[in-house]
């Protein structure tokens with residue numbers, strides 16, 4: 001919206017907001033009060049310390065500068081009137097499941113594209129991502145023998161933070177590609193366009209609608225795991241290993257059918273025929289997130305609270321988690337479960353303060369800490385972060401992101417990640433948690449269900465020279481279908497051995 005664009009440009013701070021901006025924000029607060037029926041003077045947004053607009057009074061990182069402020073205002077008005085994509089009931093369902101993860105009674109699998117493209121909103125692309133996440137979760141359930149909570153980086157992951165606002169293409173300096181909801185990947189289309197925010201909403205809604213249709217139509221039916229295609233799995237060993245799991249599961253499910261456990265009146269029937277799959281994205285563009293933040297009844301208490309209804313789960317990136325700035329201010333007020341990326345630059349006391357800000361009531365599992373250090377730095381930083389959280393009294397979900405800290409430049413000049421480094425950070429994270437009387441509760445991957453060649457290694461034994469075969473990412477390199485299954489198998493085998501009293505490594 002136009003009132004905050006001086007702030008959005010990163011040029012204003014809390015001590016330098018002029019009277020015009022304050023007046024405009026007050027006007028927007030008044031309009032928001034009226035839109036939500038708060039005109040009786042008893043429960044106005046101004047009475048509260050937080051509102052969906054209060055982030056505008058803060059300095060902001062990763063700002064998007066729109067030349068046409070009136071165009072942005074028109075788009076924002078349209079977004080505010082569009083219906084929710086998710087409901088408070090779904091959000092609370094995820095919060096309850098993540099509470100179980102934080103209490104070590106379930107395991108989190110979060111994965112998807114680094115940056116979604118609008119063109120990924122297609123049948124094949126959606127089905128392939130859904131398929132690989134479901135197959136990975138099946139493998140993890142088999143190995144760990146606990147429920148798996150599935151969150152996709154999907155239906156909204158259209159924006160990306162960048163280390164520089166510009167880049168050089170063929171010797172010419174142009175604005176960096178910020179994601180499809182900001183500007184185009186083509187060098188001639190790099191001007192930020194507010195209309196792309198509307199496109200992001202409709203592509204997200206279409207993606208989510210098809211995912212729901214697939215799940216509701218039996219796509220995730222555990223009675224039919226053999227129907228999940230394995231034609232992408234080129235390694236005979238990996239294919240046989242997965243087929244063994246499918247055979248064992250099928251045998252168990254046949255037994256359950258024999259005793260009537262899959263009938264409609266059985267209490268576990270729904271667990272066999274469908275799964276929960278939640279959506280997530282980085283909450284980067286606050287103009288967009290604000291428009292999808294709605295005051296709705298809490299399904300458990302009936303009290304009206306603020307929910308981001310554009311997705312189930314949002315996270316704060318490592319570049320935007322400053323304690324007194326805009327993104328933390330926004331995140332502290334929403335009821336959705338949230339993630340925080342934690343890297344080498346996070347000081348232990350800063351982590352404690354951040355948790356107190358975004359989760360002052362210390363609700364179990366409200367916050368997922370997504371650690372991303374790199375294989376060679378995880379031992380240096382993770383122990384101190386674990387101890388800091390223990391001292392704070394917060395009970396969080398600990399998820400390992402072994403992708404972002406292990407990005408390197410290949411010999412051919414493109415960004416890549418080595419499968420061995422990914423596994424090394426995962427293995428070290430598991431053992432560091434154990435050594436500190438903690439537990440790694442989940443994993444966070446950038447992956448795709450397609451046969452891309454962006455990461456080196458894995459059972460396919462992809463080499464640097466193979467990257468050019470099918471290198472498609474517009475941002476960071478992703479695990480392909482087979483590499484994703486490789487990771488799931490290694491984690492599952494680790495937990496299987498642990499259940500039998502071994503002290504394995506990945």
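Using N, Cα and C of the backbone, Cβ positions are placed for all residues, glycine too.
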TODO: Select from 131-160, 161-190, 191-220, 221-250 the stretch of residues annotated by TrEMBL as region 'Disordered'.
DONE: 161-190
- [ ] Just name the most isolated of the binding-site residues 153, 372, going by other Cβ atoms within 10 Å of its Cβ.
- [x] 372
Open item on the list: Other than 153, 341, 372 themselves, what residues in this chain have Cβ atoms within 8 Å of the centroid of the phosphoenolpyruvate site's Cβ atoms?
Closed with: 282, 315, 317, 318, 339, 370, 401, 403, 404, 444
TODO: Around the Cβ of residue 404 (Mn(2+) binding site), how many other Cβ atoms lie within 10 Å? Please give the count over every shown protein chain.
DONE: 20
Task: Cβ packing number for residue 446 (Mn(2+) binding site), 10 Å threshold - done: 25
- [ ] Please list residues from the chain of residue 341 (phosphoenolpyruvate binding site) whose Cβ is under 8 angstroms from its Cβ, counting only those at least six apart in sequence.
- [x] 315, 316, 317, 318, 321, 370, 372, 401, 404
Task: residue 476 (Mn(2+) binding site) and residue 153 (phosphoenolpyruvate binding site), distance between Cα atoms, whole Å - done: 14
